[in-house]
């Protein structure tokens, strides 16, 4: 596949389908949390009960992610993306009509399965469409997720203030997924192979990657990065109400600030990652910023700190470092992008399953301990990002025509080693 073909009209339709699906995925991730009060009343439960319900999303990801990685590599990207859309349709149309918590949990599992299918189809497809700019391509996924997460809290707040039935907030995304289905059926996807001429312009391996070191560190980074922003998405409104004295409508808007922050980061780094900054540098910087911010949110809770903190966490932890982690791990292990993505995201699914259970328990003890947990995850992300950063420049030789910010000394050292060898 040539780089020019990636921009032809048939592939652009496929790219639009993927990005639009991630916009709606962003909504699906926070739907249960944003409607926590309405759903708790509907199912006669409390916040911990809805946290249990949310854990079904993680279970769905956990049980399906490896399966879809194999399917994506064998049968193609479009097939698994279509499977994802079907699962999303079941969730959005099913929750409003769901009679009990048990069935709702099954629908939450469907969202997790849908996310697995979308990730193992969408990420590899985007990297295959834009092999020279895979970092920018995958980080824009986060932009679309953030658009969805910025829009949806505003919709929920509007419906809450105007006494509109919460179910309309699920039916509308369901209708949009029907439109995506029609678009997917007409779209074409690129080949799973990349031209050798393109590959030669990318960083070349100087030594064999170590699965037990950079492989494990990359996966742990993904878990920590996911958990850092996931905790904020679910629990920041409740924390802001309890410790900053904010009303429910005001507290829900913290997630809009969070999404705005992630969008700002996405567009800044989408530009920087093309030629100026390599993803591993972005991951170290952003995880350090998230660690500092989580500490401030815990130590100095106030409306200003909660709103600003949500924005900065959105910028740092949710601004695409999870997606960049996938891109970096695919560089270390490039032979099977979907399988790499599935392993990486499987651990995120494990976190998606376990973290709601832990935070649900902590919510009964004290919401402040949830923020302490968030700080711990941010710190783990920083430590593992530094490990991957160090290993990257030991494994790869940076081409002279692709030296980026801060890399000159690394590039010179590694090229010297190569010539001596």
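Cβ atoms here come from the backbone N, Cα and C positions, even for glycine.
Going by the topological domain names that Swiss-Prot assigns, residue 39 and residue 275 belong to different sides of the membrane. Tertiary neighbourhood of the topological domain 'Periplasmic' (31-49): same-chain residues 57, 92, 95, 100-101, 104, 108, 152-153, 156, 166, 169-170, 173, 233-234, 237-238, 248, 252, 255, 360-361, 363-364, selected by CB-CB distance under 8 Å and a gap of 6+ residues from either end.
Contact between the transmembrane segment (252-272) and the transmembrane segment (343-363) is not supported: fewer than 3 Cβ pairs lie under 8 Å, counting only residues 6 or more apart in sequence.
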